[in-house]
Amino acid sequence: MKYISTRGQAPELSFEDAMLTGLARDGGLYLPDEIPTLSKTEIAALSGLSYEETAFAIMRPYIGETFTDTEFKELIAKAYAGFGHAARAPLVQLGSGHFLLELFHGPTLAFKDFAMQIIGQMFQAALERSGKRITIVGATSGDTGSAAIEAFRGLSNVDVFILYPHGRVSEVQRRQMTTPSESNVHALAMTGDFDDCQARVKDMFNDFDFRDGVSLAGVNSINWGRVLAQVVYYFSSAVSLGAPHRQVSFTVPTGNFGDIFAGYIAKRMGLPIERLVVATNQNDILHRCLSTAEYRPDGVTPSISPSMDIQVSSNFERALFEAYARDAAPVAQLMDELKQSGFSVSQGALQALRESYDSGNCSESETSKTITRTLAETGELLCPHSAIGVKVAEEHLAADTPMITLATAHPAKFPDAVEAATGIRPPLPPRMSDLFEREERVTRVENDLAAIQTLIKERIAH
Ligand SMILES: Cc1ncc(COP(=O)(O)O)c(C=O)c1O
Ligand SMILES: N[C@@H](CCOP(=O)(O)O)C(=O)O
């Protein structure tokens, strides 16, 4: 299988190279040249498998010769061994036809662990083989950064730099990034919002001297490997509710569009998904675009769901590529327009997007009320991001099709918002109970590309 760029001007790569490359050299995102499909019989055969076995079955067709079957099974086993729940991604029932997929039992308590843990294993194996050393630079609104640091801390052939928006992540998220003591971990608190952090990361990829000089790699969901690993839990959850003999729908709290795009891939692979619902917070550019065709970022407004405070949604580019029938030219054109004031999606592409995705948004007060009400009605304590999913899902429930809402983070990552809504301050799991006593190590940086590049070069020279 070959990987192609959404902008059509970068070399085609193997899985291993696409994974280690991150952003394509034309600024686009890599996607497989064709999406493999599973027959009904093959999907039915997933029933009763462990999460690890399902991960192998779903991801294997994409990885080509990168790992042997035995190697890949070992990497998967190591990736999920540290999860705090035997099912890895348990499904709980919230109400009639409505289920919650708990994706927060990994080491950093957010869904990012599902992909980052296996990416960490795959990077390590590939780097050990090649003897190469890389510099990972990532942008985070809180969860990707902590998951990446957890996956790469202490590795001798990797430095990991994480840019997060200063003052705009929760204290737990910040401490998860600033308290690891390993010298290859570099938490950078940048002035600005998540979109600024992500833009600087993309600038670094587009500066080829810098990129090649530091052997830059990316673990944001610009990396296809991240999206691929997230496809697995769509299959595991749908099959446990009766797929492929029954359709299911999903609602996904959405920011950078990686998670819901993984659902789209699952559907293209043959999983009978009736609807994929994009749930946004007040930074609802995706909902507005799906409603009006207009994609015009107007600044991020901080919310109680900070991980979704995003207006320049990276993976929407992959969705556009599919909506334009994989024609890279209009996608490249729209991405150029995005650098100015934004763009309008053509009517044909809008129709294609609407065939794939429904959408809804959720205000701050609705988010809080949903946390309060869900606890009272079901006993489930939601994080604000998951609450947005639940609220929007409730607006899209259909009589005959079960709805699965993705619970993307543990409530203890956002204790202030949860306590304000319920009076309960959710405790951290015992393994993290000393998080607030650990010493923090962080560098404050301005939104200044050259200064950040200099800092990175100086740090890796040591
Ligand atoms: C807790 C949480 N929920 C939802 C999202 C949105 O996911 P995505 O960016 O894949 O759309 C994120 C981060 O992006 C997150 O950290
Ligand atoms: N919400 C994310 C934002 C980055 O998303 P990614 O999936 O592209 O890494 C975060 O928590 O950092």
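Along the chain as shown, residues are numbered 1 onward.
Any Cβ shown, glycine's included, is placed from N, Cα and C.
Whatever TrEMBL says is automated annotation, not expert-curated.
Look at TrEMBL and you will find 2-80 tagged as domain 'Threonine synthase N-terminal'. Regional average pLDDT for the domain 'Threonine synthase N-terminal' (2-80) in the model is 97.
Residues annotated as domain 'Tryptophan synthase beta chain-like PALP' in TrEMBL: 99-328.
Taken residue by residue with DSSP, Lys112 (N6-(pyridoxal phosphate)lysine) is part of a helix. Around Lys112 (N6-(pyridoxal phosphate)lysine), the same-chain residues at least 6 positions away in sequence with a Cβ under 8 Å from its Cβ are Gly106, Asp143, Thr144, Ser146, Ala147, Ala148. Residues or ranges marked as N6-(pyridoxal phosphate)lysine by TrEMBL: Lys112.
Broken down with DSSP, the domain 'Threonine synthase N-terminal' (2-80) shows 37 helix, 7 strand, 35 coil.
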